[in-house]
Amino acid sequence: MSGVPLPSNLLPGDGSPEWFSRADNAWQLIAATLVGLQSVPGLIILYGGAVKKKWAVNSAFMSLYAFACVFFCWVVWGYRMSFGDELLPFWGKPAMSLEHAYLFKRAFLGAFPNATMVYFQCVFAAITLILIAGAVLGRMNFYAWMLFVPLWLTFSYTFTAFSIWSSSGFLTKMGIIDYSGGYVIHLSSGVAGFTAAYWVGPRLNKDRERFPPNNILLMLAGAGLLWMGWTGFNGGDPYTVNSDASLAVLNTHACTATSLLTWVILDVLFFRKPSVIGAVQGMITGLVCITPAAGVVEGWAALIMGVLSGSIPWFTMMVVHKRSKLLQKVDDTMAVFHTHAIAGTLGGLLTGLFADPRLNKLFYGTDGQYVGFFYGLGSKKVSTGFRQMGVQILGIIFVIFVNVISTSLICLFIRIFVPLRMSEEDMEIGDEAAHGEEAYAIWGQGDKLENSSSKYGSSLYDDVEAGGPKKKRGGTVEMMSN
């Protein structure tokens, strides 16, 4: 067989050297595009449909702007600061990723060029900023957002990406397991979003009290793109077309489905009404929770993670939120803290418990270093399992610390030049004041033409923010809108 000549389309050449895998490169580009579609148009239409009608354009535009701005910054300096030569143990040296001499070289992982890796990592960076936007929708000054995006990418995202994902990062060397961004993307965006919401300030009181989605079906379309796009989000991180990629995809969808069902069941049990907005929240927490573990845990563990991701964030959102003065004070429009910070933390901890050494060897190529706590107990490697949990917890502390400090400093710096929050007058108007444009003409602010709520009962969720479920008549759980 070795003497059989290759077809001409498989022969090495200037554009495809011997180390180059056409199959891996094709899948990596497809996976990156799937992740890009999660943002554009996925989160654009999810946010655009989930907010009050007067904020539809602004919310969608914040996402579109962030995607474009991140892409520019990423190729000019961001990628090399996240994955390039070490400047500090948590930061890379800034440099451009534009010359073909660099872009055609083999990437630090995988059998494809730097150009593919730059694109793949860029869409992950972009969605992180768009997730942060979810916490400040409905009042952040767009000019402040224009400054926030490049500053946060440069002085926060690059820190965590280099520390956890770069082969030179200090947490990478310690052996942290973050398969596809539970720490770098979701915990970061949840903490940064909550911190930014604190500094920006709240929406108008009447918007906090009533913020109905202007188009739930549009919101569902965005949620569907987000869910299906996660096939590339987690399936692209082995950086090769192999069985581990398939396992990551299957675990992703199994965990997500379980989480959604768990959330809906809890809504029915406690509020006697299934909510589609609640279902979307459960979907998101499942996607977030499985992300750090997708290809390194067994299917049964993915289902357990789904049950926990559909119940623990539900509890923090529906119960803890009501009893916490801090959570009540900070106006997190899309409940990013619960769906990303809480679910991301949960995913990181559960990864430390359930990570299978055999699957870790397949993913990392290292035997014996990555051992989940439960497997450590079963294989008499208790100290290794304990160490893994310690590294996972250290990673959580690091990400929280970096994002609280960096996001606070960035917000304080920006408000020297422009207000972080729109004026009260502009917030009364919304899109027309911010952009001179409106999404579409419907009566009022999404209010029904007929008072059908008195006939059929109102929605469990006045808005996506924690605090939506209303008091259940005759029940024991009281959760009034904030």
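Glycine is no exception: its Cβ is also placed from the backbone N, Cα and C atoms.
The feature domain 'Ammonium transporter AmtB-like' is assigned by TrEMBL to 26-440.
Taken from TrEMBL, the feature region 'Disordered' covers 454-482.
Annotation source TrEMBL lists transmembrane segment at 26-48 (among others).
As annotated by TrEMBL, transmembrane segment applies to 60-79 (among others).
Per TrEMBL, the feature transmembrane segment maps to 118-137 (among others). A Cβ distance under 8 Å defines the sequence-distant neighbours of the transmembrane segment (118-137), meaning residues of its chain 6+ beyond its ends; these are 28-29, 31-33, 35-36, 38-39, 43, 47, 51, 55, 58-59, 62-63, 66-67, 69-71, 74-75, 78-79, 82-83, 97, 103, 145, 149, 152-153, 157, 161, 181, 184-186, 188-190, 192-194, 196-197, 200, 233, 236, 332-334, 336-337, 340.
Per TrEMBL, transmembrane segment is recorded for 144-165 (among others). Counting residues 6+ beyond its ends, the transmembrane segment (144-165) has Cβ neighbours under 8 Å at 62, 65-66, 69-70, 73-74, 77-78, 81-83, 86, 89-92, 121, 125, 128-129, 132-133, 136, 171-172, 176, 178, 183-184, 188, 192, 196, 200, 395, 398-399, 402-403, 406-407, 409-411, 413-415, 417-421 in the same chain.
The transmembrane segment annotation in TrEMBL covers 185-204 (among others). Same-chain residues lying 6+ beyond the ends of the transmembrane segment (185-204) with a Cβ under 8 Å from its Cβ atoms: 124, 127-129, 131-136, 138-140, 144, 148, 152, 156-157, 160, 211, 288, 291, 329-333, 336-345, 347-348, 396, 399-400, 402-404, 406-408, 411-412, 415, 420-421, 424, 427-428.
Look at TrEMBL and you will find 216-233 (among others) tagged as transmembrane segment.
The transmembrane segment annotation in TrEMBL covers 245-269 (among others). Within the chain, the transmembrane segment (245-269) has long-range Cβ neighbours (under 8 A, six or more residues past its boundaries) at 27, 179-180, 227, 230-231, 233-238, 275, 278-279, 281-283, 285-287, 289-291, 293-295, 297, 299, 302-303, 305-307, 309-311, 314, 359, 460, 469.
Residues or ranges marked as transmembrane segment in TrEMBL: 276-294 (among others). With a threshold of 8 Å between CB atoms, the same-chain residues lying at least 6 positions outside the transmembrane segment (276-294) that come near it are 50, 177-183, 185-186, 213, 216, 219-220, 223, 226-227, 230, 233-234, 237, 247-249, 251-252, 255-264, 267, 301-302, 305-306, 308-310, 313-314, 317, 335, 338-340, 342-344, 346-348, 350-351, 354-355, 459-461, 464, 468-469.
The transmembrane segment annotation in TrEMBL covers 300-321 (among others).
With a cut-off of 8 Å between Cβ atoms, the residues of this chain six or more beyond the transmembrane segment (333-355) that come close are 47, 50-51, 131-132, 134-138, 177-179, 182-183, 185-187, 189-191, 193-194, 197, 203, 211, 281, 284-286, 288-293, 296-298, 301, 304-305, 308-309, 312-313, 316-317, 321, 327, 370-375, 388-389, 391-393, 395-396, 463-466. Annotation comment: TrEMBL describes 333-355 (among others) as transmembrane segment.
Residues of the same chain lying 6 or more positions beyond the ends of the transmembrane segment (393-418) and with a Cβ under 8 Å from any Cβ of it are 141, 143-144, 147-148, 151-152, 155-156, 159-160, 163-164, 171, 174, 176, 178, 183-184, 187-188, 191-192, 195-196, 199-200, 345, 348-349, 352. Per TrEMBL, the feature transmembrane segment maps to 393-418 (among others).
Among 26-48, 216-233, 300-321, 26-48 has the largest number of CB pairs under 8 A with the transmembrane segment (60-79). Confidence in the domain 'Ammonium transporter AmtB-like' (26-440), given as mean pLDDT, stands at 95. Within its own chain, the transmembrane segment (300-321) has Cβ neighbours under 8 Å at 251-252, 254-263, 266, 270, 281-282, 285-286, 288-290, 293, 327-328, 335, 338-339, 342-343, 346-347, 350, 354, 356, 466-467, 469, 477, 479, counting only residues six or more beyond its boundaries.
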